[in-house]
């Protein structure tokens, strides 16, 4: 009846126009609902590539099993850390300002960061659960507070009372350290404006969230955006910022790879949680050298720097034993003497076992192949185990010679020259190649009381004369020459 009435009044064309308007209104409502709906995408944690669906292999970096689900809103509020006042400046008109560094009483910490902490820098500290990351940064915060700097410690994973108990155990008491148990980034920014700290500590970045994002705390989007905002605050307000990051099973910092690119400094906290010492390694530093190593010992009142690391790693060495060598390694500006242990035994299986601890297994397989081919040392019926004493992880090729001689010594049950250190890279042709910082390695061997050093023959000629008078130097050209040193 309604349709007949409309057709009688307006005609059939008017009725069609009315239907068309209703249809367009319905389509507009559906479109608005779709645009405000939260979308789901998959993001690669290595390179940040986005994908509308899950893929086993990332199409950007070709890594496997790196895509994680990410829920995002269509519009992200990124204007909070964009600067509208910045303008391009000609390079010749830029005024040079040397970095202002903050020094503490912890000399090892100053050396680790390249001579002190740069004001306005952002550092990331990663490590396994229970390794001592919160303890370390609480101790460093007390050092800054003792120097008169205000510290805002954001303890997102613990309450104020829990953090206070840790501070009491570490004998830390200061009016310059402000504890703030919060995970909302906007609330943290408000307290930064109220307190105006010199140092900001975030414990940890995976639990901090920005309310402008719909994704959960710890997601790729949250970690990326909160870190970018903290970077902007650090640079704009000249606040030195330390953030703690969780690590994955493989030992890498959890979250997107861009996290390590955003920060100025990346520190890895290593070591066995059951041992009484820890190691901090700098793998990135925009304001100083990389690969610096700081060794700390764990005590009831906190972490202390080890003044003689070589003595720490050699204190339990058995003097008379086969399958053991001492090698000098260089980590940043530190030179350490560590023990390499090998054990070779007859294998009851058709496929012998090859196991390493603290040494690259692929590199070890290569060295064993060179040993069999170039020195005629047969190992195809033996299980071979190699371990770096003390829990250190070595990636330097200078440890090749010591590792190979440890294996041969254990295989033949023969002793190597007593009180000698060994250094040298082994090539595929069996040659002993040059290594860097040879003078530092020799000097550390002399300081620790060793009688001699076995090294590449080609590097003897350029050594200072005083070294030749203080220590016995044996040069080897090939791996065959090195094997002949066995008694």
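Using N, Cα and C of the backbone, Cβ positions are placed for all residues, glycine too.
All annotation found in TrEMBL is predicted automatically rather than curated by experts.
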Worksheet item: Looking at the ranges 274-278, 279-283, 284-288, which is given as motif 'RadA KNRFG motif' in TrEMBL?
Response: 284-288
Worksheet item: Do any residues of this chain, six or more beyond the ends of the motif 'RadA KNRFG motif' (284-288), have a C-beta under 8 angstroms from a C-beta of it, and if so which?
Response: 99, 113-115, 118, 121, 260, 263-266
Worksheet item: CB neighbours of residue 128 (ATP binding site) within 10 A?
Response: 18
Response to the item:
In DSSP terms, the domain 'RecA family profile 1' (98-247) comprises 62 helix, 33 strand, 55 coil
Discussion item. Among 127, 130, the binding-site residues in question, whose Cβ has the most other Cβ atoms within 10 Å in this structure?
Written reply: 127
Worksheet item: What is the average pLDDT across the domain 'RecA family profile 1' (98-247)?
Response: 91
